[in-house]
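A.B. asks: First the structure, then my questions, so here it is.
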Amino acid sequence: MLSIALIGCGAIGESLLKSIRYDNHLQVAAIVVSKRSIDRVARLAETLAPGASVSENIPDSGIDLVVEAAGHRAIEAHVLPALKRGISAVIASVGALAMDDLAPRLETAATNGRSQVHLIAGAVGAIDAIAAAKIGGLDKVLYTGKKPALAWQGTPAELQFNLATLTEATVVFEGSARDAAQRFPKNANVAATIALASLGLDATTVRLIADPKASTNIHTIDASGAFGELNLTLSNRPLSDNPKTSALTVYSMVRTLQNLTGTLVI
Ligand SMILES: NC(=O)C1=CN([C@@H]2O[C@H](COP(=O)(O)OP(=O)(O)OC[C@H]3O[C@@H](n4cnc5c(N)ncnc54)[C@H](OP(=O)(O)O)[C@@H]3O)[C@@H](O)[C@H]2O)C=CC1
Ligand SMILES: O=C([O-])CC(=O)C(=O)O
């Protein structure tokens, strides 16, 4: 039985709790949330994670694994200290690794604590294939992320375009995966994931598109190298609680957790 501290209980966190509720190998022992969310999440936990503590901090003992679904700042506040304490972590907010020196700090914390960081594939696929292709040598990796226009609300795209009146698919960003992840922390985690698995944050090219005609989150990877070529398109249904986030992200998180407790894993 893996005893989990879930960090964040928004769209992903709540959906994750529903998905793993009856898994005999996983026990959510703690849910770590901001002060303002404690009452709301304590009510949710009564049915979705009975017995879990709900507080602002990871308990001092009894936790085997930290699962982050809270955003970039929570990694700094909760994941880094947990890794140093010897508690491994599963991270959803992979784009955070494009910030400052967070990636090497996570590595140092995990080395010192003899723990491990698992970055989920999240809303995208073929991470295994591009990571393998990298070993033979990659020439080009382009990620294109297209979402409904309103999924770009609250992002820098809103300052440049009137999202509510767009009539055509519009490129809202073109550049490196590092810039994309830094400027669109809630919409470009997969850009960072693809980059970290392939050519790196600075050499992986990203294009982000707001499309008023789209009803799904469409992720495309075009890669080429010594292995040949890869062209992948996913058309993901968004979570009802958060149109920025695809349901596949939750399933990817569940799969990661199941692989940590399973005996025959794929
Ligand atoms: N890898 C991938 O493919 C994807 C990754 N993501 C990442 O997952 C994260 C979660 O996504 P989603 O659930 O849709 O987002 P939501 O905004 O629905 O939920 C995030 C939750 O995290 C909580 N939170 C924020 N900061 C902290 C903190 N320091 N400590 C504890 N809780 C905190 C918020 O609560 P409060 O309001 O109380 O602060 C909120 O309830 C996103 O921020 C994004 O970075 C998202 C989609 C895909
Ligand atoms: O959920 C998605 O479709 C992808 C996403 O938001 C991200 O990469 O941050």
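The first residue you see is number 1, and the count goes up from there.
Just so it is clear, glycine is given a Cβ too, placed from its N, Cα and C backbone atoms.
Among the features that TrEMBL reports, active site is placed at His219. Feature annotation from TrEMBL assigns NAD(+) binding site to Ala123, Asn189. Residues or ranges marked as domain 'Aspartate/homoserine dehydrogenase NAD-binding' by TrEMBL: 8-118. Residues annotated as domain 'Aspartate dehydrogenase' in TrEMBL: 166-254.
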A.B. asks: If I restrict to non-local contacts, at least six residues apart, and a C-beta distance under 8 angstroms, what lies near Asn189 (NAD(+) binding site) in its own chain?
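C.D. replies: Long-range Cβ contacts: Ala92, Ser93, Val94, Gly95, Gly122, Ala123, Ala181.
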A.B. asks: Identify which of the following recorded positions, namely Ala123, Asn189, His219, place a Cβ less than 6 Å away from any atom of ligand 1, and list them by sequence position.
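C.D. replies: Cβ under 6 Å from ligand 1: Ala123, Asn189.
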A.B. asks: Which residues in the same chain, at least 6 apart in sequence, have a Cβ under 8 Å from the Cβ of His219 (active site)?
C.D. replies: Ala123, Val124, Tyr143, Thr144, Gly145, Lys146, Val190, Leu232, Thr233, Leu234, Asn236
A.B. asks: Including all protein chains displayed, how many Cβ atoms other than that of Ala123 (NAD(+) binding site) lie within 10 Å of its Cβ?
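C.D. replies: Within a 10 Å radius of the Cβ of Ala123 (NAD(+) binding site) lie 25 other Cβ atoms.
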A.B. asks: Kindly assign Asn189 (NAD(+) binding site) to one of the three DSSP-derived states: helix, strand or coil.
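C.D. replies: In three-state terms, Asn189 (NAD(+) binding site) counts as helix.
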A.B. asks: In DSSP terms, helix, strand or coil for His219 (active site)?
C.D. replies: strand
A.B. asks: Based on DSSP, name the secondary structure state of Ala123 (NAD(+) binding site): helix, strand or coil.
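C.D. replies: SS state of Ala123 (NAD(+) binding site) = coil.
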